[in-house]
Amino acid sequence: MMHFTKFEDKATAEKLIQKALDYKRDPWIDQAKGQRKRIGCIFLNPSLRTRASTQIAAQQLGMEAIVMNMDKEGWALEMREGVTMNKGTVEHIRDAAGVLGSYFDILAIRAFPSLTNKQEDLEDFVFNQFIKYSGIPVISLESAIRHPLQSLADMVTIHENRGIDKKPKVVLTWAPHIKAIPHAVANSFAEWAIGCGHDLTITHPYGYELDENFTKGANIVLDQKEALAGADFVYVKNWSGFNDYGKILNTDSSWMLTEKHLKHAKNAKIMHCLPVRRNLELSDEMLDGPRSLVMQQAHNRIFAAQSVISHILDQK
Amino acid sequence: MMHFTKFEDKATAEKLIQKALDYKRDPWIDQAKGQRKRIGCIFLNPSLRTRASTQIAAQQLGMEAIVMNMDKEGWALEMREGVTMNKGTVEHIRDAAGVLGSYFDILAIRAFPSLTNKQEDLEDFVFNQFIKYSGIPVISLESAIRHPLQSLADMVTIHENRGIDKKPKVVLTWAPHIKAIPHAVANSFAEWAIGCGHDLTITHPYGYELDENFTKGANIVLDQKEALAGADFVYVKNWSGFNDYGKILNTDSSWMLTEKHLKHAKNAKIMHCLPVRRNLELSDEMLDGPRSLVMQQAHNRIFAAQSVISHILDQK
Amino acid sequence: MMHFTKFEDKATAEKLIQKALDYKRDPWIDQAKGQRKRIGCIFLNPSLRTRASTQIAAQQLGMEAIVMNMDKEGWALEMREGVTMNKGTVEHIRDAAGVLGSYFDILAIRAFPSLTNKQEDLEDFVFNQFIKYSGIPVISLESAIRHPLQSLADMVTIHENRGIDKKPKVVLTWAPHIKAIPHAVANSFAEWAIGCGHDLTITHPYGYELDENFTKGANIVLDQKEALAGADFVYVKNWSGFNDYGKILNTDSSWMLTEKHLKHAKNAKIMHCLPVRRNLELSDEMLDGPRSLVMQQAHNRIFAAQSVISHILDQK
């Protein structure tokens, strides 16, 4: 693994989960590993958890993290090849990424999708331009189509909360939202849950089918009630249309999870990646109740990032 | 003291002042104390001195400081309980503060007042939501109604410049401004000066009465000339109306301190928390003359912050 | 050298170049030198390379770098003396710089020109106000009229790529642009190239004469083809009018360098400070071809900054 952009294979995932758990037990065991190494964290979009957890993870490895908000602190980037740059963009990704590649040992990039140019989003165009031109290992801090550090933290959280004997039933349920939201978290969660061997059911209103490249192997059930029955973990997430790309097709608030929805899932734990719009995506009752794992997921982001950075340092 | 939000008692204040003076003498004596500890500095508003001095204070204690500008780098926060988040706010304070509480050992928060919702400002609503939901020690970097790190630096400065034998006469005088300015610095200064046992006189135009909860024990004199007579320290500060909340009631430039105003206060030293609007709040003549303590106050911000962080680390 | 703002003399330049090459060979040889020292990096304008390379340089010297984006994170600064601050500016440079001077060991400042007030730009007014009032060593991260860290990195790059026996022919050529661009990089490059004893030719369309204070000693040739003949290094840069101050006088795309332009300069290397507008200032063909030194220049920014900071620490 040179880059960390997606689920690779079960063995690697299990190794990363185990490493994350080790760091959670003792965050400072590898403090010498990152000495004299630098990670550059580049944000093309806002971030709270990802920003802080990545800096903390680096610090716990004795590594220097330098954070840059592009477009605000740096220069507006041109992403397309061969264009004459006589418009608003000031620097080409080829040059910016090339320079960053010579300044850092690892880059970590956040680059959301446009939700308007489906082809470019599906190719993870912006994120891959960083990979193409930086020449060093790149970690995804959420790209157009995946959020693998979130998913790794989610897998760690499921690992911590599952029973030993029974294969857990994991349900990914769509939730209402007022904005067009990317597919990255849902895609990645499906990819990792299936890849890690969990029994995954996905439920959403008609029309909200996700990209099949991520959901192959999951059980798709349009009836939310049926999907939730017997769930051990319920991952709540909004996403916008994929076939009808970037569109809001439904705002039916009955899809918002409450205690009532879990009548037939007595032991179900609730997961969400945050930020969450309370009482729109998920009720206060759920978020603040005993079923909620959201704080544990967020806390595990530190150790997921630490595990991945450490793993990449091992490969170099 | 779990949190540092206000004046507690004279003994604690004296201890903090002494510790600040110790750090001023040798900034690095406690460099091992903060090892493997982290402080998260959250700014909902701009900052120069506070931002830099807090980072420096942490560094001198061997601690990592991570600075975040919410709303620009993070997500727009919802502060109210129980609402359906179907408007502009993206993350609830309960979740953001909860996560930050699990990421850091100490949080430091800057949250200015609205100056429009008096009730919410008086309850220090935004700031207290961080305390309520973070679950870890919180340091005020200026809240809606107090700026205690500034006041501690001010007390250190008075301590350094007062005579040994005589109780100093301290005057807090209102100054003109063109914008509606919060009460936090004035409130805190009164609270700390009175609490530390100084002889405090407050002077302002009619209508600019401060919240009595902060000024009880001070001598209120509406005649500025009379108030200034015999002063040892004159603290200059604008604030907007408190009874007529957040309003500008007076812009009388004769209230701006010049050398003439201090005819009957030959030894008076001039204090201001900065930033200061020159020749509007305070004349160049005053700020750059031998009476001015403003640079010393600003410099002492480092050691005030270092003292408070150190004190909190001792309690943990 | 207390401050680093411009070319001083050949001996100092050669010493700085040599030190930069030493750090490039082993970045960590002076890691103890900056212990318990702090550099404050103040940006009044955007930055990618300068921001990251200065932080990295400080880190490699064991020094703490604190970065602040004024106007966004801090307060809008008043630069003029004696004014009544009853408009938009919130803090006077005298106070801000004074405080920063008491917080840091070295300040590093980026302050672009207005390109409208020629007199103020020529006096490097904003930048010099920081020097005047901070009282500590100041490093230019590009001022209104100079960008000396860029030029030092450029001299290091020329040193690495020149033959030993022959004095290299260096050409600074104007290139087209759609925006009014400062003169700082062109001025500084001319100042350093001439000062370091290189054979410098400057070429530009009629009307684009640079300030003679920087170009004295250079060969000015308005015919680009003639200027480029036999060049060893071609430095490509746009600048706006100097006599017709801040104006765009020409957008003739035939000035943009392509392989054709270098028919009579077979060994010429191409330099640019970045960011570059591709296919407007300089063709993809040039930037990505074997002649290009732009990545090497950008990489050398780290060691140029490290050399300068180290040199200043030696003087203190």
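Sequential numbering from 1, following the chain as shown.
Yeah, the Cβs are placed from backbone N, Cα and C, and that goes for glycine too.
All annotation found in TrEMBL is predicted automatically rather than curated by experts.
Listed in TrEMBL for this protein:
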- A:9-160: domain 'Aspartate/ornithine carbamoyltransferase carbamoyl-P binding' (DOMAIN)
- A:SER47, A:LEU48, A:ARG49, A:THR50, A:TRP75, A:ARG110, A:HIS147, A:PRO148, A:LEU149, A:GLN150, A:CYS273, A:LEU274, A:ARG301: carbamoyl phosphate binding site (BINDING)
- A:GLU142, A:HIS177, A:LYS237, A:ARG277: N(2)-succinyl-L-ornithine binding site (BINDING)
- A:185-311: domain 'Aspartate/ornithine carbamoyltransferase Asp/Orn-binding' (DOMAIN)
Short-range binding-site residues relative to chain C, from A:ARG49, A:TRP75, A:LEU149, A:LYS237, A:ARG277, with Cβ separation under 8 Å: A:TRP75
Interface-adjacent binding-site residues, chosen from A:SER47, A:GLU142, A:HIS147, A:LEU149, A:LYS237, A:ARG277 when a CB lies under 8 A of chain B: A:SER47, A:ARG277
DSSP-assigned states of the domain 'Aspartate/ornithine carbamoyltransferase Asp/Orn-binding' (A:185-311) in counts, ordered helix, strand, coil: 49 helix, 19 strand, 59 coil
Alpha-carbon spacing, A:LYS237 (N(2)-succinyl-L-ornithine binding site) to A:CYS273 (carbamoyl phosphate binding site), which is rounded to whole Å: 8
Cα-proximity to A:GLU142 (N(2)-succinyl-L-ornithine binding site), 10 Å cut-off, over binding-site residues A:ARG49, A:TRP75, A:LEU149, A:CYS273, A:ARG301: A:LEU149
Residues that sit under 8 angstroms from A:ARG49 (carbamoyl phosphate binding site) by C-beta distance, when 6+ apart in the chain: A:LEU274, A:ALA298, A:ARG301
Taking residues A:SER47, A:LEU48, A:ARG49, A:THR50, A:TRP75, A:ARG110, A:HIS147, A:PRO148, A:LEU149, A:GLN150, A:CYS273, A:LEU274, A:ARG301, which bind carbamoyl phosphate in the record, the widest Cα spacing (Å, whole number): 30
Site of maximum Cβ density within 10 Å, from binding-site residues A:HIS147, A:HIS177, A:ARG301: A:ARG301
Alpha-carbon spacing, A:HIS147 (carbamoyl phosphate binding site) to A:ARG277 (N(2)-succinyl-L-ornithine binding site), which is rounded to whole Å: 19
Other C-beta atoms that fall within 10 angstroms of the C-beta of A:CYS273 (carbamoyl phosphate binding site): 24
Cβ packing number for A:SER47 (carbamoyl phosphate binding site), 10 Å threshold: 21
Nonlocal residues around A:LEU149 (carbamoyl phosphate binding site), in sequence order (Cβ under 8 Å, 6 or more apart): A:PHE4, A:THR50, A:THR54, A:ILE139, A:SER140, A:LEU141, A:GLU142, A:ARG301, A:ALA304, A:ALA305, A:VAL308
